């Protein structure tokens with residue numbers, strides 16, 4: 001869909017609306033609209049669209065996989081696994097379904113099953129950067145950091161413009177003794193996506209940990225939306241208390257996600273100032289409040305391990 005490719009989500013939705021009005025049995029249009037709604041974090045609406053796609057075409061493998069991804073985002077991992085099972089039963093060579101089911105197993109802390117699925121995904125699709133990146137995540141949770149770094153290396157080799165893979169590799173290096181490499185990876189991620197506030201935040205944290213001056217104020221970021229409050233915290237423009245207040249949102253899901261991030265990044269800010277006791281409290285709050293698929297959940301786990309307070 002042209003509007004989707006251009007990033008115009010509103011027009012993409014309108015186009016899909018028109019398509020299903022003209023043909024109410026157009027399964028691909030329901031699936032496409034579901035993907036757009038996922039991009040807008042409208043998970044329930046996305047699931048409703050995937051339901052319609054499957055109702056219209058019971059053999060539509062992508063719709064099962066995409067609905068499983070939506071269940072993962074909602075934290076309903078058993079529902080997600082059931083959908084990935086359906087996708088795999090219909091197409092045993094669907095590497096993406098194995099990757100997504102592997103993520104579900106990671107979120108359920110069953111790393112043996114996760115790695116089995118991800119190994120299978122790599123066998124089917126040896127050039128899948130996403131499979132290696134997710135395999136790396138499983139290795140992080142198994143505390144095999146060398147294995148995780150090797151997986152991220154391969155993900156980056158296969159997809160050298162994937163900013164998320166640099167971020168993931170950087171986070172492992174950030175916590176486990178490779179600060180210069182962490183900074184280099186965050187710098188690369190920020191170069192690929194210069195307007196991404198999260199990449200700018202991680203780069204700033206790494207620079208400060210390495211004893212270098214902050215360049216966060218020079219980043220061209222949108223300071224009208226979250227996580228602008230976190231950026232202001234790091235710039236010394238507001239307090240941790242004000243940052244937490246700024247995380248409030250009338251949407252309960254969005255509020256929970258932003259509070260998670262406020263707690264985590266404030267913890268990192270306090271660690272830089274050697275306020276470890278308060279940082280520890282906030283890492284634990286992040287761990288209890290962050291969605292399992294948030295990078296901040298993984299990072300909080302790493303931080304607690306480094307502090308000898310592994311969850």
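Placed from the backbone N, Cα and C atoms, the Cβ positions cover glycine too.
Within the chain, the repeat 'TPR' (61-94) has long-range Cβ neighbours (under 8 A, six or more residues past its boundaries) at 27, 30-31, 34-35, 38, 41, 43-44, 46-47, 50-51, 53-54, 100-101, 103-105, 107-108, 124, 291-293. If you look up TrEMBL, you'll see 61-94 (among others) marked as repeat 'TPR'.
Annotated repeat 'TPR' per TrEMBL: 95-128 (among others), in sequence order. Mean model confidence for the repeat 'TPR' (95-128) is a pLDDT of 98.
Remote same-chain partners of the repeat 'TPR' (129-162), defined as residues 6 or more beyond its termini with a Cβ less than 8 Å from a stretch Cβ, comprise 95-96, 98-99, 102-103, 106, 109, 111, 114-115, 118-119, 121-122, 168-169, 172-173, 176, 192, 298, 301-302, 305. Residues or ranges marked as repeat 'TPR' in TrEMBL: 129-162 (among others).
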